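Heads up, the thing below is written out as structure tokens.
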Amino acid sequence: MEFMAATTSIADTDMEFDKNVPRICGVCGDKATGFHFNAMTCEGCKGFFRRSMKRKAMFTCPFNGDCRITKDNRRHCQSCRLKRCVDIGMMKEFILTDEEVQRKRQMINKRKSEEALKESMRPKISDEQQKMIDILLEAHRKTFDTTYSDFNKFRPPVRENVDPFRRITRSSSVHTQGSPSEDSDVFTSSPDSSEHGFFSASLFGQFEYSSMGGKSGELSMLPHIADLVSYSIQKIIGFAKMIPGFRDLIAEDQIALLKSSVIEVIMLRSNQSFSLDDMSWTCGSEDFKYKVDDVTQAGHNMELLEPLVKFQVGLKKLDLHEEEHVLLMAICILSPDRPGLQDKALVESIQDRLSSTLQTYILCKHPPPGSRLLYAKMIQKLADLRSLNEEHSKQYRSISFLPEHSMKLTPLMLEVFSDEIP
């Protein structure tokens with residue numbers, strides 16, 4: 001009976017009503033459940049009207065024929081109750097026949113079966129994939145300080161032709177080694193690092209910032225930007241070491257992957273601090289708010305910076321989830337077409353797992369319309385990064401070629417951005 005009551009109700013989709021206003025049964029004043037047979041009624045009056053019409057019942061009022069029907073007395077006078085049903089617009093034409101009820105039941109069952117089949121075929125994030133996502137999220141959070149507090153350890157930014165109040169004035173004591181940051185243990189020397197000879201000791205030792213002057217002059221921002229990039233390299237090494245499967249690679253392949261991808265991952269990560277409002281990277285205070293002019297004062301030109309800003313804008317507009325962002329960084333690092341790799345098949349298998357996880361995550365967790373072609377757009381961003389990487393390499397070589405500039409770079413930069421692949 002409950003099924004028939006549900007299936008013989010017709011919801012009038014053309015009738016709009018305020019959802020905040022209580023819906024009252026037009027027959028007895030009880031709480032209404034919707035439009036039934038063309039009128040707003042409760043379940044009780046709906047069933048009463050349907051039964052009365054099907055039985056073609058004839059009722060007689062034992063009183064004066066004008067009984068006031070309420071929730072409490074609606075069973076006392078069926079005649080006045082039925083009259084009230086008709087008065088508020090309930091129509092027997094809206095009642096389905098037994099054949100119509102059967103057809104509707106079949107349609108509902110068919111729809112439920114189709115929905116169940118569709119749900120069973122919907123991609124689901126496996127336990128293994130979820131574990132991978134969780135590991136990458138933890139790795140990212142351990143190696144990305146959203147407070148940017150370590151930026152105070154860099155050689156200070158010296159900006160030409162800017163308000164002098166924006167410049168940092170700091171005694172040389174800030175360049176001495178202080179207490180390590182919360183996640184610095186990620187980068188300290190470990191048995192694994194010595195076993196594999198991973199880059200040089202500088203990659204795993206506590207990063208020490210040079211006290212080399214931040215005097216105004218040619219490429220005045222280069223010392224600060226060099227420290228920022230070196231710091232970012234340290235963080236990305238820590239992130240890469242925690243990618244599932246990365247440590248399964250031989251040391252030479254780990255080094256080759258990082259040397260080839262690190263600038264691309266820096267560009268990816270920097271998108272978190274990029275603002276569409278003023279096209280700048282804000283890393284905490286105003287002193288660490290970087291615009292294109294700042295990077296030109298570190299030796300780079302618009303051949304790199306114009307497409308870089310375009311890349312940052314496009315990536316920001318994708319509105320990636322943090323899960324998608326960390327997976328994209330891992331996919332970028334684990335690229336089997338990097339130069340100097342010995343076991344490309346293993347790198348490819350790790351990247352395939354990451355890519356599959358990203359596609360599944362998008363299907364399961366990223367609602368439309370944002371998910372439309374999202375995976376393809378993200379992969380295109382990796383292709384854009386290759387072009388940016390190539391241009392960065394050209395400009396870096398020009399900067400590092402001159403001794404007066406290369407002396408402002410860090411040993412880590414000189415090692416990582418060298419053309420030598422082990």
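Note that Cβ sites are derived from N, Cα and C of the backbone, with glycine treated the same way.
Fair warning: this is a prediction, and the values are worked out from it, not measured in the lab.
Copied over from Swiss-Prot:
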| type | residues | note |
| --- | --- | --- |
| DNA_BIND | 22-90 | DNA-binding region |
| BINDING | Cys25, Cys28, Cys42, Cys45 | Zn(2+) 1 binding site |
| ZN_FING | 25-45 | zinc finger |
| BINDING | Cys61, Cys67, Cys77, Cys80 | Zn(2+) 2 binding site |
| ZN_FING | 61-85 | zinc finger |
| REGION | 98-127 | region 'Hinge' |
| DOMAIN | 128-418 | domain 'NR LBD' |
| REGION | 170-191 | region 'Disordered' |
| BINDING | Ser232, Arg269, Ser273, His300, His392 | calcitriol binding site |
| REGION | 241-259 | region 'Interaction with coactivator LXXLL motif' |
| MOTIF | 411-419 | motif '9aaTAD' |
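Cβ-based neighbour count (10 Å, all protein chains) for His300 (calcitriol binding site) stands at 23.
Counting other CB atoms no more than 10 Å from each candidate's CB, the binding-site residues Cys28, Cys67 peak at Cys28. For Cys25 (Zn(2+) 1 binding site), the same-chain residues 6+ apart in sequence whose C-beta sits under 8 angstroms from its C-beta are Lys31, Ala32, Met40, Thr41, Cys42, Cys45, Lys71.
When the binding-site residues Cys28, Ser273, His300 are compared by Cα distance to Cys80 (Zn(2+) 2 binding site), the shortest distance belongs to Cys28. Taking the centre of the Cβ atoms of Cys61, Cys67, Cys77, Cys80 as the Zn(2+) 2 site, the nearby residues of that chain (Cβ within 8 Å, site residues left out) are Pro62, Phe63, Gly65, Asp66, Ile69, His76, Gln78, Ser79, Arg81, Lys83. Checking each of the binding-site residues Cys28, Cys61, Cys67, Cys77 against Ser232 (calcitriol binding site) by C-alpha distance, the shortest gap belongs to Cys28. For Arg269 (calcitriol binding site), the nearest of the binding-site residues by C-alpha distance turns out to be Cys28; the candidates were Cys28, Cys61, Cys67, Cys77. In the shown protein chains, 20 other C-beta atoms lie within 10 A of the C-beta of His392 (calcitriol binding site).
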